[in-house]
Amino acid sequence: MGAATSALNRRQLDEFEHIRLRPNGKKKYQIKHLIWAGKKMDRFGLHEKLLETEEGCKKIIEVLSPLEPTGSEGMKSLYNLVCVLLCVHQEKKVKDTEEALAIVRQCCHLVDKEKTAVTPPGGQQKNNTGGTATPGGSQNFPAQQQGNAWVHVPLSPRTLNAWVKAVEEKKFGAEIVPMFQALSEGCTPYDINQMLNVLGDHQGALQIVKEIINEEAAQWDVTHPPPAGPLPAGQLRDPGGSDIAGTTSTVQEQLEWIYTANPRVDVGAIYRRWIILGLQKCVKMYNPVSVLDIRQGPKEPFKDYVDRFYKAIRAEQASGEVKQWMTESLLIQNANPDCKVILKGLGMHPTLEEMLTACQGVGGPSYKAKVMAEMMQNLQSQNMVQQGGGRGRPRPPPKCYNCGKFGHMQRQCPEPRKIKCLKCGKPGHLAKDCRGQVNFFRVWPVDGDKTKKFSRSHSWGGTKCAPSTEQLYTLRPSKEAPAAVCRERETNEKSEQKPPSEQSRLERGIFFELPLWRRPIRTCIIGGTAVKALLDTGADDTIIKDTDLQLRGSWRPKIVGGIGGGLNVKEYDNVEVQLEDKILRGTVLIGATPINIIGRNFLAQAGAKLVMGQLSQTIPITPVRLKEGARGPRLKQWPLSKEKIIALQEICKTLEEEGKLSRVGGDNAYNTPVFCIRKKDKSQWRMLVDFRELNKATQDFFEVQLGIPHPAGLKKMKQITIIDVGDAYYSIPLDPEFRKYTAFTIPTVNNEGPGIRYQFNCLPQGWKGSPTIFQNTASKILEEIKKELKQLTIVQYMDDLWVGSQEEGPKHDQLVQTLRNRLQEWGLETPEKKVQREPPFEWMGYKLWPHKWKLQSIELEKKEQWTVNDLQKLVGKLNWAAQLYPGLRTKNICKLLRGKKNLLDVVEWTPEAEAEYEENKEILKTEQEGTYYAPEKPLRAAVQKLGDGQWSYQFKQEGKILKVGKFAKQKATHTNELRVLAGVVQKIGKEALVIWGQLPTFELPVERDTWEQWWADYWQVSWIPEWDFVSVPPLVTLWYTLTKEPIPGEDVYYVDGACNRQSKEGKAGYITQQGKQRVQQLENTTNQQAELTAIKMALEDSGPKVNIVTDSQYAMGILTAQPTQSDSPLVEQIIAQMVQKEAIYLQWVPAHKGIGGNEEIDKLVSKGVRRILFIGRIEEAQEEHDRYHSNWRNLADTFGLPQIVAKEIVAMCPKCQVKGEPIHGQVDASPGVWQMDCTHIEGKIVIVAVHVASGFIEAEVIPRETGKETAKFLLKIIGRWPITHLHTDNGPNFTSQEVAAMCWWGKVEHTTGVPYNPQSQGSIESMNKQLKEIIGKIRDDCQYTETAVLMACHIHNFKRKGGIGGLTAAERLINMITTQLEINTLQTKIQKILNFRVYYREGRDPVWKGPARLIWKGEGAVVLKEGEELKVVPRRKAKIIKDYEPRKTLGDETHLEGAGGSDHQMAGDS
């Protein structure tokens, strides 16, 4: 058999020859395969005898397994053969090669892992350096075989920790997918879900992964349907989609599917594939940059470009072939021109190593210097050969710029290309990897001395900041240069102060600014001769044309290299050169140079420095536009005095030098008036620009910060620092496309010349977009800084920053300085004089300490005469103080302002107001202080009744006051204290949500029985939180009781009043069941007053208990609300009478229906006053309401009933009487705006959409609250109604991809609000409530919830009138749509008509006049307008022609007053 065949005995050989090469194949293994395997062992350094034993086969597998995935076909065949031999040695029955491979993978689970498990700790670390440990840290992860069972091995904490750290550091970058693949190798779905569950802070990304899992699971269920019928006993079921995801399967089932099922289903690998699809989608969302957009910058190193390119490639969701094609084509195609030339020279398909080696240093200074040197050397050698200058001089050997050796050039250097850091100059790393100090604003001395760090003295616009030391270096800026030079500031780190005597001339010298948009040429005096020369920091020597300068004295011949080759020059030593105001001495070269050059030998002596600033160009620019159809301001500059013109010229000159303004010419068609006022110190002027016209035309902005932060909402900190951003607006650049609209003109005195025109380059003061853009930009900058400085708590309002921390003093100061440095890097200066480091800190009108806060001092002044303006300021002070001083009142002081309009009107004080003023003055004498918020402690709000309709409340934590406030708002003329108390609670709740984000526990001065008695009938409050009822006097009580049932045994008073609308005369009276009656004549009254007078008369003449029947809905509505105070004297008298009664029954009956005593009293008081009209169809209206529960407006319009009758029909309904009808307000909404929300009715989910402007609703029951169902419902709305804007909350179904895709497809703008925020989703929340109320009324009439929802929609849309126009919601919606169409059609017709001109004749005058503007065209005549006069001309005397006059463009206008006046006039007429 031979040596190789001895690997198997005869029995084993028989088994070996029965094993097939492939499943279901014909060929089987033969002896020749063993002989071939023995010959191949030498290739891998293995002995053929290893095939004879089980251990030997395992060693062979250990060597071949790493090579098998990427090996050749022969190597894979050898690996398969060894696996078959191993199974034969282990006496395991296998049918084919695939079964043998599966057994080897399952049982052995890679031999190298067994070695890892038995290797000692010292060797383990050594061996693991080259391989990746298993996720579980076990050799048999994820399972171990114990007998015939498989036991799960959980993931190790080390693996989970590595996964969490990877996600936190990479933030779902492209590296996450391979990291997950490596860590989840061999995991079960249970293990993978454990890896996902530890990512608690990335719910958005996990939701995306979850959606992918659901889609893939559903697809799996479709392609793998379960078998019909029950499974045989003991048979393992097939996994479904949810089983693979691990939601409906156990770990043991997952192991059985992977290892013992027939056929086996690797659910772990399938689930990994689904997760990888989701992660790839997350990577794409978190890395939106496409590989097509990755291009190499002009000076970007090729290595950095390659890093960015492959990072984008890894984030692309594409196949391997597509990525390979992208790499081969785009990597070279998107390189910069320098690298592209080199890469194309490498031939087809170069390797990445070859490309990186070839493009080292391309674009850097060393590369450019090498190219320049080689070019100059070639040119110089040619020139010297032509001139004969090279005779007798041996040519030096070439020197390599890469290795520094002689004998070869850099391009021939065999050594790798060396790289140097552009920051520190050291080799071995690039600038981006440099660990040295990153100075964003550096000054490089020309003479090569050590660089010093300078602070920026200018922000984006050039605003100066105070230096950190007292040592200042003088600046003399050039008139033509921008602010690019800064004062030097000595740094505390790695530097020491030198005495003045040791300072070099450079350090204490001055230097000037030079613009770089043209050549920096200066006139200097050399040897007494004035010469214009170029200041060149790149030139070593100073060289002057021989035609411009002749020097006396000795000289030496010299050849210097230039761009054009070598030059023969004369070298003069010790030549005096005067540059600016400095006298310098040095070497000057005279020769045939193309241009005079002052080199570094003189510039260094002059103290010249290159100042390179990291200005605010990194700040993102916010795009701004005008409103649709609006144009920029074109206002004439009004006259200014001479001193103001001079002041404006000086201010603008400074701003222009600092880069905040730019000059513009007459081609800019826009202008805004400018003026100036004196500052408070009267020594300086302040420039003001009247941007009112521009503000009208500018797009609307949303104030990103709705209010100022309150100290009570801040957490207590050990250390506090207050920082102010200097010249905040001037630090932020303005959109370049919008700058033209900010143009203004500085006139000249007596119009001696054209005015100087400027435009703003930064955010201007007074423009409405400046606050929003600054807040938004500064917020984004602070977000980046907060990620770095997590120890600091930063609170921002505009340019004021509150910075707190729990660190010690020195550490806190260091963090604050780091914060200031980061802001400075972004161009936001924080002047030292505005930094507050010691308490008390003055911030936003408060005084702050680390443990408490106070208000800044408030003093109430005493004046002889008070004007309206003075009182307004006084009320403002008291309202500001009311947030910390309890008990302050302003009601009587505010009454003094009623009816006053002029700010300078003198106000007379009332005794009540003076008493209130003195009381407030005493309260303010006692200083109050507040504490800071502690999140772990409960928040409580205590309310006190002050009397006179005013209330006070305090927010507390464990007895310490956080904040106080007052409430005195009264919406209605007649009200009671319980209604006001509900308003107080609402205000407190909203204030707590804004400041702390949570509702407090309320302590209210009311008894529970009193509140519940009133609340049972009170329906106008839509939101009342939970509270504690505290018996603290003075209590809120109900002063009288209205019974709901008639009082037996008491007389019934039928009351009524009547009034004549013309004469204003009327009668009021009553008649009782016992025949008692009384009528009173009234003068100058109304129907309502007469009705109330009648009730007052009945109360006066009745006993302690009384039954009163009225037909006045007005009086009924007032008295059933149980008011305790009123601005009406008559109602106050009625309240006083009702308080004295023990019990009162008040009932309403419809008028003029012949009802007993009501008809009699009606006739009695109406005699001679009004006409009585009895009404029918009430029964029909009641039947209609019983069926549809229509509101009173629909009943009044449909059946012709008075409002009071229709309202009473609704009030008498037992289902509609509980809470009445909601009070409708006005909603400012566009016709295309809808709101959508989900609510729950009877345990089912109902999705509701409301058209905000009309109140029309669409609703239906959906099976699940998912994005898919929501998108389906939205598609129905889009298909039925015109919708342009959808507003929802930020629930997961509304923020899902399905809804986003549907909004994109339907061109619907989607915005979200915050749940439970009083300012969000007001319309839809109200409609949800109304829909539930309607369903509650009709629920007994229908069987299913779905039917009830649709019936309720019909009733709401078609059976209830009211609101805008008194229409139903459906009528209102259709009316709005048709109105919009009509308006658009009419505007089109008007625009077409206005395009025509009319020539006409008048009377007998044969001369044609015109052209006039056509206003209207009829059948027999036309209406036209000429000048200001409208004329009607017969059709036969008019000729209508189209206006073909060419339109003037913006540049055609003359920008002079009066130019284009006719056009402006016509525009105004239209």
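Backbone N, Cα and C define each Cβ position, glycine as well.
Cross-referencing 398-415, 740-757, 848-865 with Swiss-Prot places the feature zinc finger at 398-415. Between the candidates D724, D735, D870, Swiss-Prot assigns the Mg(2+) 1 site shared with D799, D800 to D724. Per Swiss-Prot, the listed range annotated as DNA-binding region is 1396-1443 (candidates: 676-723, 964-1011, 1396-1443).
From the options 103-111, 841-849, 1210-1218, the stretch Swiss-Prot describes as region 'RT 'primer grip'' is 841-849. Residues I723, V725, A728, Y797, M798, L801, K834 surround the recorded Mg(2+) 1 site, their Cβ atoms falling within 8 Å of the Cβ centroid of D724, D799, D800, which are themselves excluded. Proximity of distant same-chain residues to the motif 'Nuclear export signal' (16-22), defined by a Cβ-Cβ separation under 8 Å and at least 6 residues beyond the stretch ends, is recorded for 8, 28-31, 34, 84-85, 88, 94-98, 100. Cβ atoms under 8 Å from those of the motif 'Nuclear localization signal' (26-32) belong to residues 1, 5, 13, 16-20, 81, 84 of the same chain, restricted to positions at least 6 beyond its ends. For the pair formed by P230 (site 'Cis/trans isomerization of proline peptide bond') and D536 (active site, for protease activity), distance between Cα atoms is given as 92 Å, rounded to the nearest Å. Around the Cβ of D724 (Mg(2+) 1 binding site), a 10 Å sphere holds 17 further Cβ atoms from the protein chains shown. Residue counts for the domain 'Peptidase A2' (531-602) under DSSP, split into helix (H, G, I), strand (E, B) and coil, are 3 helix, 43 strand, 26 coil.
Residue pair G229 (site 'Cis/trans isomerization of proline peptide bond') / D800 (Mg(2+) 1 binding site) shows a Cα separation of 73 Å. When secondary structure is read from DSSP and collapsed to three states, D799 (Mg(2+) 1 binding site) falls in the coil class. In the three-state DSSP scheme, D724 (Mg(2+) 1 binding site) falls into the strand class. D536 (active site, for protease activity) and D799 (Mg(2+) 1 binding site) are 41 Å apart (CA-CA, integer value).
For the motif 'Nuclear localization signal' (26-32), the number of residues in each DSSP class (helix H, G, I; strand E, B; coil) is 2 helix, 1 strand, 4 coil. On the 0 to 100 pLDDT scale, the motif 'Nuclear export signal' (16-22) averages 89 in this prediction. D536 (active site, for protease activity) sits 40 Å from D724 (Mg(2+) 1 binding site), taking the CA atoms of both as reference points.
Taking Cβ-Cβ distances under 8 Å and a sequence separation of 6 or more, the neighbours of D800 (Mg(2+) 1 binding site) in its chain are I722, I723, D724, V725, W843, M844.
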